[in-house]
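As recorded in Swiss-Prot:
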- Cys15, Cys18, Cys37, Cys40: Zn(2+) binding site (BINDING)
- Pro119, Thr120, Gly121, Ser122, Gly123, Lys124, Thr125, Leu126: ATP binding site (BINDING)
- 3-56: domain 'ClpX-type ZB' (DOMAIN)
Amino acid sequence: MSKAGGNDSKSTLYCSFCGKSQHEVRKLIAGPTVFICDECVELCMDIIREESKSSLVKSRDGVPTPKEIRRVLDDYVIGQDFAKKVLSVAVHNHYKRLAHAAKHNDVELAKSNILLIGPTGSGKTLLAQTLARILDVPFTMADATTLTEAGYVGEDVENIILKLLQASDYNVERAQRGIVYIDEIDKISRKSDNPSITRDVSGEGVQQALLKIMEGTVASVPPQGGRKHPQQEFLQVDTTNILFICGGAFAGLERIISARGKGTSIGFGATVQAPDDRRTGEIFRAVEPEDLLKFGLIPEFVGRLPVLATLEDLDETALKRILQEPKNALVKQYQRLFEMENVDLTFQEEALTLVARKAIERKTGARGLRSILESILLETMYDLPGLDSVEQVVIGPEVVEGKARPLYIHGDRAKDAPASVSA
């Protein structure tokens with residue numbers, strides 16, 4: 001047992017791992033024959049967390065199977081089965097391609113870059129963020145809206161590879177095996193059907209710049225960003241084996257898809273076309289490369305994204321599940337915040353249904369759920385730190401509709417705050 005010698009041996013205890021005394025640390029936890037301090041506990045937790053980042057179960061070849069990848073995605077993303085399958089297979093094949101390249105050189109396995117198309121708030125970015133947690137290859141996310149052609153104000157396309165290098169601690173070998181997710185890819189569509197009107201430095205120009213790194217080239221990347229440090233040496237990164245996943249909401253694409261195949265006619269004999277009342281995600285399922293060309297992507301760019309995955313609109317049931325089921329569900333997050341005030345937060349089933357309906361009405365998808373909950377809980381979160389006797393807060397449907405205040409339960413009696421009456 002770790003104790004001090006001499007007169008202090010009975011009074012001063014020491015951590016058995018780092019040797020610090022009980023006076024040097026906040027807590028010292030006693031076991032049957034040893035002691036451990038809070039700092040060593042934190043260190044152990046950090047080690048475990050680092051290990052769990054790449055905790056995918058490996059198959060006999062060291063490659064996670066699509067089902068194993070899908071299982072982890074299911075923990076954080078509700079629905080979107082087709083998109084999950086596409087991503088799981090793509091990442092699995094990416095691992096296999098890297099393993100194959102190291103052992104064989106008789107057949108070259110080409111990569112299949114992916115384009116994710118889905119309405120806003122359907123989970124495109126969340127899928128990519130979840131992949132980043134679980135992969136043991138370097139992963140980075142980039143925003144297409146910040147990119148411009150080289151020589152113009154904004155970020156160069158090479159900055160994407162620089163971010164991947166940073167994610168791999170500037171290990172070029174590891175960076176060349178990484179995965180890049182480019183968000184808001186629809187925002188770099190050509191601004192006009194006429195390709196020659198003006199210089200389009202943030203649209204078609206960026207698509208042209210992305211072509212080579214997506215297909216495979218040796219990119220010269222400045223380690224500290226090229227525009228601020230022009231004299232530095234460049235790192236050479238081969239992008240041939242880097243998998244690119246692009247995602248975008250493609251607002252307006254549904255009209256292009258719906259119009260395809262519908263003949264136009266005028267006059268008294270014209271056929272009256274019924275408006276397409278299908279949901280956006282349902283229309284996206286019928287997308288063809290020609291629709292993307294009409295939207296403003298150039299043919300060469302579409303050709304480098306051979307795998308198309310569409311995401312569905314989130315319905316009421318899916319939004320309710322998103323509120324409650326994932327590991328980082330919004331309801332769980334707010335309940336944890338309230339727990340810090342020693343208060344239980346409870347949502348009635350009807351209240352969650354109304355929150356989901358509001359998000360659908362706003363057409364913001366899952367992204368709008370947080371703002372709705374924030375507005376509902378704002379006054380409560382403002383008042384709560386000053387109310388010592390509150391043990392539970394109940395959110396009912398009237399609260400979501402703005403007709404009543406949340407119900408505060410004080411000790412063993414229920415009481416409104418200030419009164420559960422119509423506003």
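Positions of Cβ are set from backbone N, Cα and C atoms, glycine also.
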Please name which of the binding-site residues listed here, Thr120, Ser122, Lys124, is nearest in space to Cys37 (Zn(2+) binding site), Cα against Cα.
-> Lys124
Where Lys124 (ATP binding site) and Cys40 (Zn(2+) binding site) are concerned, what is their Cα separation in Å, rounded?
-> 38
All chains considered, the count of other Cβ atoms within 10 Å of the Cβ of Thr125 (ATP binding site) is 17
From the binding-site residues Thr120, Gly121, Gly123, Leu126, pick the residue whose C-alpha lies nearest to the C-alpha of Cys18 (Zn(2+) binding site).
-> Leu126
One residue among the binding-site residues Cys15, Cys18, Cys37, Cys40, Leu126 has the fewest other C-beta atoms within 10 A of its C-beta, namely Cys18
For Gly121 (ATP binding site), the nonlocal same-chain Cβ neighbours (under 8 Å, six or more residues apart) come out as Leu314, Ala359, Thr364, Gly365, Ala366, Arg367, Gly368
Could you tell me which of these binding-site residues, Thr120, Ser122, has the greatest number of Cβ atoms within 10 Å of its own Cβ?
-> Ser122
Cys15 (Zn(2+) binding site) versus Ser122 (ATP binding site) - Cα distance in angstrom = 49
Between Cys15 (Zn(2+) binding site) and Pro119 (ATP binding site), what is the CA-CA distance rounded to a whole number of Å?
-> 54
Which of these binding-site residues is closest to Cys40 (Zn(2+) binding site) if you go by CA atoms: Pro119, Thr120, Gly123, Thr125, Leu126?
-> Leu126
Cys37 (Zn(2+) binding site) falls, by three-state DSSP, under strand
So of Pro119, Gly123, which of the binding-site residues has the fewest other Cβ atoms within 10 Å around its own Cβ?
-> Pro119
